[in-house]
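Structure first, commentary second.
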Amino acid sequence: MNGTEGENFYIPFSNKTGLARSPFEYPQYYLAEPWKYSVLAAYMFFLILVGFPVNFLTLFVTVQHKKLRTPLNYILLNLAVANLFMVLFGFTLTMYSSMNGYFVFGPTMCNFEGFFATLGGEMSLWSLVVLAIERYIVICKPMGNFRFGSTHAYMGVAFTWFMALSCAAPPLVGWSRYLPEGMQCSCGPDYYTLNPNFNNESFVIYMFLVHFIIPFIVIFFCYGRLLCTVKEAAAAQQESASTQKAEKEVTRMVVLMVIGFLVCWVPYASVAFYIFTHQGSDFGATFMTVPAFFAKTSALYNPIIYILMNKQFRNCMITTLCCGKNPLGDEDSGASTSKTEVSSVSTSQVSPA
């Protein structure tokens, strides 16, 4: 083994030199230079500084504006709650630990931070899956003129919580475990060892199949079918400038959604699976740290893609921030945009509203 394993940690550094120390007790500057920890702390501070206001404002604006409290928007609120979990219970601990060069809060808080970071990340992931399914049902109409109501929205939110808990809770009860990862300043599931006492192998396979491959397939299928539907509607109305504009806007939004998903999860899943399938191989601490923080950044760019680029949400936010007046003069334009005459596909339905 080219790393050092303890009771509740795994350090990607051999202890042949005697330098390796518990990441709960000593700075880990033998893994990376101190300036890298400072950069990490500054980056987490940036995510907190921007991510908290954006996600909190989403919830506040929805309370202020009744027209936003629609079934199709419930999952967006769930996404904001998921991001706040990551910001409040994950990013804050990681920032302070990075300032000290190790996870200063101990093994119990490592479980706490790992649980809430995983819970928030998984809630966010499955919220994107539910959003994709919602858009597919509403726009592609595979079930005919299906009316999406509050009951369906509540079921979608409950589903995201169930799936998130099915991933975040097992390490707390003995199926895998939470360990400091990367530069040892944040915690996540154990991809690093095949410790039979925790059945790590089966848990990692379960996570990769159920919590990455399945969401990947569902999101690509739903948005692929959505694009086909929009293009077919546009082709049937080639003379309509509004239809062509709607097609371009919907295509842009779908591309951004898919890119956001790929940037967030593919690096993390790929590196984690590589480490798991190459037990004992050499890898640096930053090898796992960088992909993990791509995933954490989703708390910032998911709200930008799904909420701030939504015209209805954006106008309501501007109105709230400007004390009830929208200086852009678009207060009533957020209800619906660019509907096609045949399919009733709108940018607001996709982006979502």
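Each residue, glycine too, has its Cβ placed from N, Cα and C.
Small disclaimer: the values here were computed from a predicted structure and weren't measured.
Feature annotation from Swiss-Prot assigns compositional bias 'Low complexity' to 336-353.
In the three-state DSSP scheme, C110 (disulfide bond) falls into the helix class. If you draw a 10 Å sphere around the CB of C110 (disulfide bond), it holds 26 other CB atoms from the protein chains shown. Taken from Swiss-Prot, the feature disulfide bond covers C110-C187, and the record attributes it to sequence analysis.
Taken from Swiss-Prot, the feature N-linked glycosylation site applies to N2 (among others), supported by sequence analysis.
The N-linked glycosylation site annotation in Swiss-Prot covers N15 (among others) and rests on sequence analysis.
Proximity of K296 (N6-(retinylidene)lysine) to non-local residues of its own chain (separation of 6 or more, Cβ distance below 8 Å) is seen for M44, L47, M86, G90, F91, T94, A117, G121, given in sequence order. Secondary structure at K296 (N6-(retinylidene)lysine), as computed by DSSP, is helix. Sequence annotations record features per position, and here Swiss-Prot assigns N6-(retinylidene)lysine to K296 based on similarity to another entry.
Sequence annotations record features per position, and here Swiss-Prot assigns region 'Disordered' to 330-353.
As annotated by Swiss-Prot, topological domain 'Extracellular' applies to 1-36 (among others), with the evidence given as a curator's inference. When pLDDT values are averaged over the topological domain 'Extracellular' (1-36), the model yields 83.
Under the heading topological domain 'Cytoplasmic', Swiss-Prot lists 62-73 (among others), citing a curator's inference as support.
Marked as topological domain 'Extracellular' by Swiss-Prot: 97-110 (among others).
As annotated by Swiss-Prot, topological domain 'Cytoplasmic' applies to 134-152 (among others), with the evidence given as a curator's inference.
Cβ atoms under 8 Å from those of the topological domain 'Extracellular' (174-202) belong to residues 3, 5, 8-12, 23-24, 28, 31-32, 36-37, 40, 90, 93-94, 97-98, 101-103, 110-111, 113-115, 117-118, 272-273, 275-276, 279, 285-290, 292 of the same chain, restricted to positions at least 6 beyond its ends. For 174-202 (among others), the entry in Swiss-Prot reads topological domain 'Extracellular', with the evidence type a curator's inference.
The topological domain 'Cytoplasmic' feature in Swiss-Prot is assigned to 225-252 (among others).
Using a Cβ-Cβ cut-off under 8 Å and counting only residues 6 or more beyond its ends in the same chain, the topological domain 'Extracellular' (275-286) has close neighbours at 1-3, 12-13, 28, 31-32, 36, 182-184, 191-194, 204. The topological domain 'Extracellular' annotation in Swiss-Prot covers 275-286 (among others), and the record cites a curator's inference as its basis.
If you look up Swiss-Prot, you'll see 309-353 (among others) marked as topological domain 'Cytoplasmic'.
For 37-61 (among others), the entry in Swiss-Prot reads transmembrane segment.
The feature transmembrane segment is assigned by Swiss-Prot to 74-96 (among others), with similarity to another entry given as support.
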Positions on the same chain near the transmembrane segment (111-133), where near means CB under 8 A and six or more residues out: 75-76, 78-79, 81-86, 89-90, 93-94, 105, 156-157, 159-161, 163-165, 167-169, 171-172, 178-179, 186-189, 211, 215, 218-219, 222-223, 257, 261, 264-265, 295-296, 298-299, 302, 306, 352
Cβ pairs under 8 Å between the transmembrane segment (37-61) and the transmembrane segment (203-224), at least three: no
Cβ contacts of C187 (disulfide bond) (under 8 Å, same chain, 6 or more positions away): F103, C110, N111, E113, G114, A117, Y178, L179, P180, E181
